[in-house]
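Enquirer: Relevant sequence annotations retrieved from Swiss-Prot are reproduced here:
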- Glu69: site 'Contributes to enantiospecificity' (SITE)
- His102, Asp104, His257: Fe cation binding site (BINDING)
- Thr129, Trp242, Arg268: 2-oxoglutarate binding site (BINDING)
- Arg207: site 'Contributes to enantiospecificity' (SITE)
Amino acid sequence: MSPAFDIAPLDATFGAVVTGVKLADLDDAGWLDLQAAWLEYALLVFPDQHLTREQQIAFARRFGPLEFEMAAISNVRPDGSLRVESDNDDMMKILKGNMGWHADSTYMPVQAKGAVFSAEVVPSVGGQTGFADMRAAYDALDEDLKARVETLQARHSLHYSQSKLGHQTKAADGEYSGYGLHDGPVPLRPLVKIHPETGRKSLLIGRHAHAIPGLEPAESERLLQQLIDFACQPPRIYHHDWAPGDAVLWDNRCLLHQATPWDMTQKRIMWHSRIAGDPASETALAH
């Protein structure tokens with residue numbers, strides 16, 4: 001039986017736009033069809049949803065427990081005033097850091113499963129969210145490089161990735177603390193991940209990854225940058241141009257994502273609900 005909604009694949013190795021469905025009214029049969037599509041496409045885009053906070057949280061919960069229910073990713077302060085780049089406060093540091101390709105919570109003991117992200121207010125230009133298919137990236141590696149990365153691991157740290165931008169994080173950093181700053185031992189993760197539900201292999205890289213055991217620091221950095229540069233190229237990438245009311249659901253176990261710049265004199269208000277990873281498959285090798 002075909003699903004009760006329409007699926008239009010993106011012009012990329014992954015992703016689809018889903019129409020003919022209201023996520024707030026999704027029944028159990030529809031959710032099962034949607035989950036199957038998510039595992040196939042890894043990224044689902046839902047235009048014109050206009051979810052309330054409660055509806056977004058409820059939809060995200062259908063995929064499992066949440067790492068956190070809702071976080072505002074925005075250059076607008078709670079009092080309505082605009083953050084400016086020169087403020088360089090915790091949230092501005094997060095916004096700038098998120099412009100590097102990354103997967104969520106790889107620097108935590110348990111990596112996130114996925115996320116629901118929605119747009120409330122968007123700028124007139126810029127502010128897209130990019131996604132990159134690490135399944136297709138792994139498949140496209142030459143056999144020698146594929147064999148090499150199969151044997152390697154890397155450390156993942158938000159302290160490391162933010163320090164590369166000149167941001168010195170602290171355990172007590174206000175908005176970092178809610179974002180999942182991990183102050184324990186640095187997690188170690190394989191460069192090649194096997195998806196726990198589909199069995200497909202993908203690269204596990206991104207801006208938090210560093211310090212491959214057995215390699216000199218410079219060689220480790222070169223290899224990780226080489227992999228990102230190769231992986232995050234067409235047809236393995238898609239950048240979503242947001243409209244108010246859009247929602248997306250992505251699989252954090254096989255995609256990277258990034259924010260893109262915009263004129264920060266314009267408001268951008270986004271809402272992020274993060275789906276917790278299953279400890280059986282998403283726990284770091286060491287942490």
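Including glycine, each Cβ sits where the backbone N, Cα and C put it.
Source: prediction; values computed, not measured.
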Enquirer: When you look at Thr129, Trp242, Arg268, which the record names as binding 2-oxoglutarate, what is the longest CA to CA distance in angstrom?
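Expert: For the residues that bind 2-oxoglutarate, the greatest Cα distance is 12 Å.
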Enquirer: For Arg207 (site 'Contributes to enantiospecificity'), write down the residues of its own chain that are at least 6 apart in sequence and whose Cβ falls under 8 Å from its Cβ; none is a fine answer.
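Expert: Looking at Cβ-Cβ distances below 8 Å from Arg207 (site 'Contributes to enantiospecificity'), excluding near sequence neighbours, one finds Gly97, Gly100, Trp101, His102, Ser161, Lys164.
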Enquirer: Where among the recorded positions Glu69, Asp104 do you find the Cβ with the fewest other Cβ atoms within 10 Å?
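Expert: It is Glu69 that, of the recorded positions Glu69, Asp104, has the fewest other Cβ atoms within 10 Å.
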Enquirer: Suppose the 2-oxoglutarate site is Thr129, Trp242, Arg268. Which further residues of the same chain have a Cβ inside 8 angstroms of that site's Cβ centroid?
Expert: Ala119, Val122, Pro123, Gly127, Gln128, His240, Ala259, Trp262, Met270
Enquirer: Going by C-alpha positions, which of the recorded positions (Glu69, Asp104, His257) is nearest Arg268 (2-oxoglutarate binding site)?
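Expert: When the Cα distances are compared, His257 comes out closest.
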Enquirer: How far is it from Glu69 (site 'Contributes to enantiospecificity') to Trp242 (2-oxoglutarate binding site), counting Cα to Cα, in Å?
Expert: 21
Enquirer: Under a criterion of Cβ-Cβ distance under 8 Å and sequence separation of at least 6, what residues of the same chain contact Trp242 (2-oxoglutarate binding site)?
Expert: Ala119, Val122, Gly127, Gln128, Thr129, Met270
Enquirer: Across all chains shown, how many C-beta atoms besides its own are within 10 angstroms of the C-beta of His257 (Fe cation binding site)?
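Expert: Excluding its own Cβ, His257 (Fe cation binding site) sees 24 Cβ atoms within 10 Å.
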